[in-house]
Amino acid sequence: MGPKRRQLTFREKSRIIQEVEENPDLRKGEIARRFNIPPSTLSTILKNKRAILASERKYGVASTCRKTNKLSPYDKLEGLLIAWFQQIRAAGLPVKGIILKEKALRIAEELGMDDFTASNGWLDRFRRRHGVVSCSGVARARARNAAPRTPAAPASPAAVPSEGSGGSTTGWRAREEQPPSVAEGYASQDVFSATETSLWYDFLPDQAAGLCGGDGRPRQATQRLSVLLCANADGSEKLPPLVAGKSAKPRAGQAGLPCDYTANSKGGVTTQALAKYLKALDTRMAAESRRVLLLAGRLAAQSLDTSGLRHVQLAFFPPGTVHPLERGVVQQVKGHYRQAMLLKAMAALEGQDPSGLQLGLTEALHFVAAAWQAVEPSDIAACFREAGFGGGPNATITTSLKSEGEEEEEEEEEEEEEEGEGEEEEEEGEEEEEEGGEGEELGEEEEVEEEGDVDSDEEEEEDEESSSEGLEAEDWAQGVVEAGGSFGAYGAQEEAQCPTLHFLEGGEDSDSDSEEEDDEEEDDEDEDDDDDEEDGDEVPVPSFGEAMAYFAMVKRYLTSFPIDDRVQSHILHLEHDLVHVTRKNHARQAGVRGLGHQS
């Protein structure tokens, strides 16, 4: 059995050609065995020698991984991107994968490529096509970050003050299955939620996924910030972030900062910093003559003194509860922060300024404040609604908080109900199929009963049944008028032939046939018995107007969903084909019937 076939790179093919030229007396079969390739492959390589050497010179370093001359669908974009990448690397500056993707998106926007998304798959193929490889140090850092992490255990119930422990603090014990509805009676603009998150301010989120030039160094504790975010339920008020870190206060001083900053040895929000923050909030609410509720999560509340709070009531989430701001708001803030870092890094790379790649504490605080302001109030209100609170102006909270376990139980109950409904629908569908089968058998032996002879009970069942996607039979009947577009026009042209639309069941005939057609069928039965037998075997075919009206409803249903241009184009092509085929078949059917009557 010969060697297994494999696709060689241009660099490997070039080495084979070089080996043949350096050893002219060596048999070709021996060279093929030396490189573990079939003799036919060697012959093909030597035949295309000139093209292979030209491709190796063209791709340079990329020839070590490039195997074909097949161009990427974004060849022009990649050409500009690799030229930019080589220019930056020649200056000795590192280019990370996320920066490369952001630059590709900018180039695509300039070229008008709206379908380009700079996905991770494209980035991987781009690297292989152009020989951009990952460094070993970066790969090790990626492996560390990809390792599964054990989720942190929830805070001990003992750390949460119990109800009635003094001050304006309200606590919930872990043993309580249903937490009290402390937010009930408050307007949505008077219900605030605060949560604390960590931010590695001098690193991109995918630091380990950089390209050659990244050092993959471990993160330092001094580069981590703790950020406290606080907003109300309708998103109309976003309090300035409280940021804590290990580094001393910036030289600009607290007055020149866009948010409050505090430094301590642990780098977290301490009890003293939180008490000062709440005192300032209480003073502000007193000036506005408001009483608000603040729902807190992972805060330093073990020894928090709230006796001086008069206009702020503090309550704590029970263990295992997903806080409103952690349902997407925190992720948005980090995303906006990353975008600001990307813009700064790209400006430094294009200006070939290595010092611009470093981010100072003062600039990081400005980025945090800008990222917080970039969050839309509607997104904050949506997260509160998802957490079980009302959202929107002047809304009153009437629902209680739900833990993760309770939400999972509710989702399981809903899934069980949906499964039960699905089983009932399947049973009903099987019964309808059996009834339809019986109707077909009866249709072969005798005429189908008229609609007026149907029992009243069956009529009620048919009225109650709806189509598979919630479309009633009456909606289908109105398709000629309501669907719009070209199908509506075609259906209107045949409205006289199909005044009312009905579904065709089993062996039922179409009720839209006119009385003249019934008279013609009776005349055919009297004139020719053979024609009667043939007509009895014919499957009822909807008229042209009926077909157009049916598809008009299908089109209206499909276009009721958000669809892209490609799907819209498919629907338009299908419309054109259906009109053409239906007209052709309708004309052919009319001609066949005319010939039958003449005979």
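Each position is counted from 1, following the chain as shown.
Using the three backbone atoms N, Cα and C, a Cβ is placed for every residue, glycine included.
Lifted from Swiss-Prot, the feature list:
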type     : residues : note
DOMAIN   : 2-52     : domain 'HTH psq-type'
MOD_RES  : GLY2     : N-methylglycine
DNA_BIND : 28-48    : DNA-binding region
DOMAIN   : 65-136   : domain 'HTH CENPB-type'
DNA_BIND : 97-129   : DNA-binding region
REGION   : 143-184  : region 'Disordered'
COMPBIAS : 144-159  : compositional bias 'Low complexity'
MOD_RES  : SER156   : phosphoserine
MOD_RES  : SER165   : phosphoserine
CROSSLNK : LYS246   : SUMO2 cross-link
REGION   : 387-475  : region 'Disordered'
REGION   : 495-544  : region 'Disordered'
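Note on the residue listed as 'SUMO2 cross-link': other Cβ atoms within 10 Å of its Cβ, all shown chains, come to 17. When averaged over the domain 'HTH psq-type' (2-52), pLDDT in the model lands at 81.
Helix, strand and coil counts from DSSP across the DNA-binding region (97-129) read 25 helix, 0 strand, 8 coil.
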